[in-house]
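Enquirer: Following this message is one structure expressed as structure tokens.
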Amino acid sequence: MKEHHLILRVVTKSLVGTIILFAFYVQFHGDFSPGGGFQAGVIMAVAFILYGIVFGLHEVQRVLPAWVVHKLVALGVLVYAGTGIWNMFLGYEFLHYGSFTPDHMSHGQHSGILYVEAGVGITVTGVMVAIYYAFAGRTPRLGNDDW
Amino acid sequence: MTETIVNFILFSMLVITAFAIVRQDRLFTVVMLASVFSLLTAMLFIALDAVDVAFTEAAVGAGISTVLMLGTIALTARGAKPASRPQTLPLLVVLVTGAGLVYGTLDMPNFGDPNAPASVHLSPHYLTNSIEEIDVPNVVTSILASYRGFDTLGETAVVFAAGIGVLMILSGLRHRRRKDEEEEEDA
């Protein structure tokens, strides 16, 4: 695999950074434009999956080991639910984001949306990459003509 | 008028793609055509002004599921088995189900109907009050993350559970296989 697909490898290397940047844009610009945690998570996962497809599972797992991905899957849900529980500690209902800034409710909404969208993004990234690892880890390496 | 033409073209391409998928028996081609199908669906969502949904469809349907389906093909078989039995009964089932679904849509309100139940009660509240209450320009985000925060927490939990399920199935098999091999070696 090392000796061919030169164009694919060069293009991938320059694309991966852009894809990750775009994922962050979709994540944090979701308040103003289409997108949010779900889409950003998928795009972020695509960056790693693309790297894995072109360079091989071993290379991508040096950047993002499987045990980190498995922790991410749970971390996102914890961040989301934790935001809700934090709201309860502040004396309001579960997921009542206004409680972050009681004297200016819509500011609290902004931070609440930021936290839960981050949680969604982390879980979606984790799940997509984890499923890809699970599939790719079991696949015998195929040549170009096997398809 | 332009929108009608665009919709007509997109829908005809969708039907053509669907027929092409049914006619194919090389699974690699089927997966690629399914990705085209998703992309066309995403364009239809854009024509309906549902950009958020179109975004998701393009990223998940055309992107990730294609990769995962290719991974599945690599693990299993490259071609479909030729049908051994006549296909009349499946065709009949599909036609009856399709007719039932079309009949079901007859009761639904027309597209863009201002008196539809969905656009009488909740939607006006979200559209008029969300800037004051949430102050986020993209109403989809404020509904998804704030008004409907519980639902989205549920969705995230579903994604979590689905991911864990797939991981357990795939990694559990490897464990079992390794155990079998060890037992064989012992015996």
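Glycine is no exception: its Cβ is also placed from the backbone N, Cα and C atoms.
Below are the features I grabbed from TrEMBL:
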- A:7-26: transmembrane segment (TRANSMEM)
- A:7-129: domain 'Na+/H+ antiporter MnhB subunit-related protein' (DOMAIN)
- A:38-60: transmembrane segment (TRANSMEM)
- A:72-92: transmembrane segment (TRANSMEM)
- A:112-135: transmembrane segment (TRANSMEM)
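If you look at the structure here, what lies around each of the features I listed?
Expert: Among residues of the same chain six or more beyond the transmembrane segment (A:7-26), those with a C-beta under 8 A of the stretch's C-beta atoms are 35-36, 39-41, 43-44, 46-47, 50-51, 54-55.
Mean predicted confidence for the domain 'Na+/H+ antiporter MnhB subunit-related protein' (A:7-129): the pLDDT average there is 91.
Within its own chain, the transmembrane segment (A:38-60) is flanked in space by residues 1, 5, 8-9, 12, 15-16, 19-20, 22-24, 26-27, 30, 117, 120-125, 128-129, 132-133, 136-137, which lie at least six positions past its ends and keep a Cβ under 8 Å from the stretch.
Residues 98-100, 102, 112, 115-116, 118-127, 129-130 of the same chain lie 6 or more positions beyond the ends of the transmembrane segment (A:72-92) yet place their CB under 8 Å from a CB of it.
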